[in-house]
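Novice: Just dropping this structure here.
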Amino acid sequence: MSAIENWYHSESMENRKESARRIAYRFRQNPLSLVGLGIIVGLVFIAIFAPYIARHPQDAGYMGEPAVDFANRFAEPSLAHPFGTDQAGRDILSRVIFGTRYSLALGLFVLTFAIGIGVPVGLVAGYVGGFTGQVLMRITDIFLSVPPLVLALAVAVPLQPSLRNAMIAIAVVWWPWYARLVYGEVISVREEQFVEASRGIGASRIRIMFREILPNVLAPITVKFSLDMGYAILIGASLGFLGLGAQPPTPEWGTMIAEGRAYLPAQWWYSTFPGVAIFIAVLGFNLLGDGLRDVLDVEVD
Amino acid sequence: MGFKSYVIRRTLAGIPVFIGLSILIFTLARVLPGDPARLALGPRATDEAVQSLRDEMGLDDPVVVQYFDYMAGLLQGDMGISLITNRNVAADLVYFFPATFELITVGMLIAIAIGVPLGIIAGRNKDEAEDNASRLFAFFGVSMPAFWAAILLQLVFAFHLGLLPATGRIGVEAPPRLTGMMLVDSLIAMDFRAFRSAVAHIALPAFTLALAPMADIARMTRSSFIEELNKDYVHALHSSGIPGKLIAYKYVLKSSFAATLTIIALDYGFLIGSAFLIEIVFAWPGMARYGVDAILANDINAIVGVTLVVGIVFIVANLVVDILYGYFDPRVRYGGDGE
């Protein structure tokens, strides 16, 4: 039984505390996952307090349309503008800071939706099985037969390009990954004695699925959630880059990189710094997810 | 069950997935809001023009009828007319696919050539400096947005150092088109000037594409290598005095390669997704760029066509994974598909 299951199934408060302590200890032993956690805490902080951290919040469209200052067009990185300015004289650092909000929101929305749909589908397909299960898993397979980016592109087309529609497009293609993960886990525990016992004393199917089986799947879901946050942010930025996500002048990272491409190689900073932000955010979630995978001792696909 | 019938059964299992995929893509393209004919012609087109395009595309038929029409056409190599090229989508795909195929294949070869040795070095020196460095590299590889890495490499190697061309496939007169793959065509024509130019052009995009799978392959090679190193037979070899290097390369590498092969096949499918971004940055005239152009122009036939081809590549890659699993681990063949 993995540490998190131990924790969940502990009867007494004492035992629970003990297992939680053990998880925390093992997590601290891994410096890279601590770096990841630090990055994510930092990002969340920046996203929440963006208007106070950014020096030019109005350049990122805070409280109104993004400001323009053509006199300051394409200023090189300097103390006044550490990341330089763009074609409308807007401070790129401030825009990158506000971009944190869009990327985190996108990741959270996509994964909440994906888990909300995928987990029940996987539970039902795995536990109820039969014809329903077969149909559900075949549908899942079909979704999984195209890379998420390409399918998201196909979904995004008929919708008008916007950040909201990009989120919807990515969410629509993401849930099957959770369905498959949960399905595999359910298959592996469905014949275990504790499930059998619960069935024996007359527990309902719903209760067995959500109270008995679901806790065993929490660990892999947690790990996949962390790894996927990074991946979803990448896909979101990719859609923005292709012009199918947030539209300029929204300070979304991928969109900014696409805008900056027109001014290469002279204004190199324009495309470079938003990319650094994506890289750090994705790295943070990957480091954390990898550390959690070690600590919770689970495999995700 | 024998290996042959396993392969046949697996291959047949890909067919319903493809049919399902075609239904999914087709329905997505027709059912979602927005009139493809209106989108294609733009807001200024007259209603009559839109209606006549709708008739031509059969958009007023029930979706089921449209689907069967499309599939019937597909079997005869007719995928509808592309609005951006005014040619049949099938002809466009035959024209553009080789460039993408060449790019992702070279990318994958680079990823293997660097990823596998990296993984072995890391595995042989577990928890030492080499291992940590390769782990860090792996994290960087999967965290870097491909399109951003492309822009950076382009900035440094093309614009600043001027070592490699920034865009395109070839800088001299192209060799006669046979396979559509510049590297192959120029070799067939024995045109080494063209070959050198094609190599220089493919270097940056292929390397950028290789970054993520390279990291993946290194990680997988490392972990399966370590797992294999801890097996009894390795201890037995050690105690009979066989040198560590020999054990590593002669015995361990071979048996740990199965896991790596499967990740290679899987990544190959994913590469075609990344190609959508890389081809844009390097102006690589392949299928992915055609797909993006189609998307931006709301060219619905082309979008369906490109997505289907990507799906086929992906399904084939997964099929190869399953077959490799079955080849290396015969238990898989007997266990059915785990259900």
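Any Cβ shown, glycine's included, is placed from N, Cα and C.
The following feature annotations were taken from TrEMBL:
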type	residues	note
DOMAIN	B:97-325	domain 'ABC transmembrane type-1'
TRANSMEM	B:12-32	transmembrane segment
TRANSMEM	B:103-124	transmembrane segment
TRANSMEM	B:136-159	transmembrane segment
TRANSMEM	B:194-215	transmembrane segment
TRANSMEM	B:257-282	transmembrane segment
TRANSMEM	B:302-325	transmembrane segment
Novice: Per the definition of 3+ C-beta pairs under 8 A with sequence separation of 6 or more, do the transmembrane segment (B:103-124) and the transmembrane segment (B:302-325) touch?
Specialist: no
Novice: Give the nonlocal contacts of the transmembrane segment (B:257-282) in its own chain as ranges (CB under 8 Å, at least six residues past its ends).
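Specialist: That would be 100, 103-104, 107-108, 111-112, 116, 119, 145-147, 150-151, 154, 166-168, 204-205, 208-209, 212-213, 216-217, 220-221, 223-224, 288-289, 291-292, 310, 313-314, 317-318, 320-321, 324-325, 328-329.
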Novice: Please report, as numbers and ranges, the same-chain residues at least 6 past the borders of the transmembrane segment (B:12-32) whose CB is under 8 Å from any CB of it.
Specialist: 59, 63, 66-67, 70-71, 74, 300, 303-304, 307-308, 311-312, 315-316, 318-319, 337
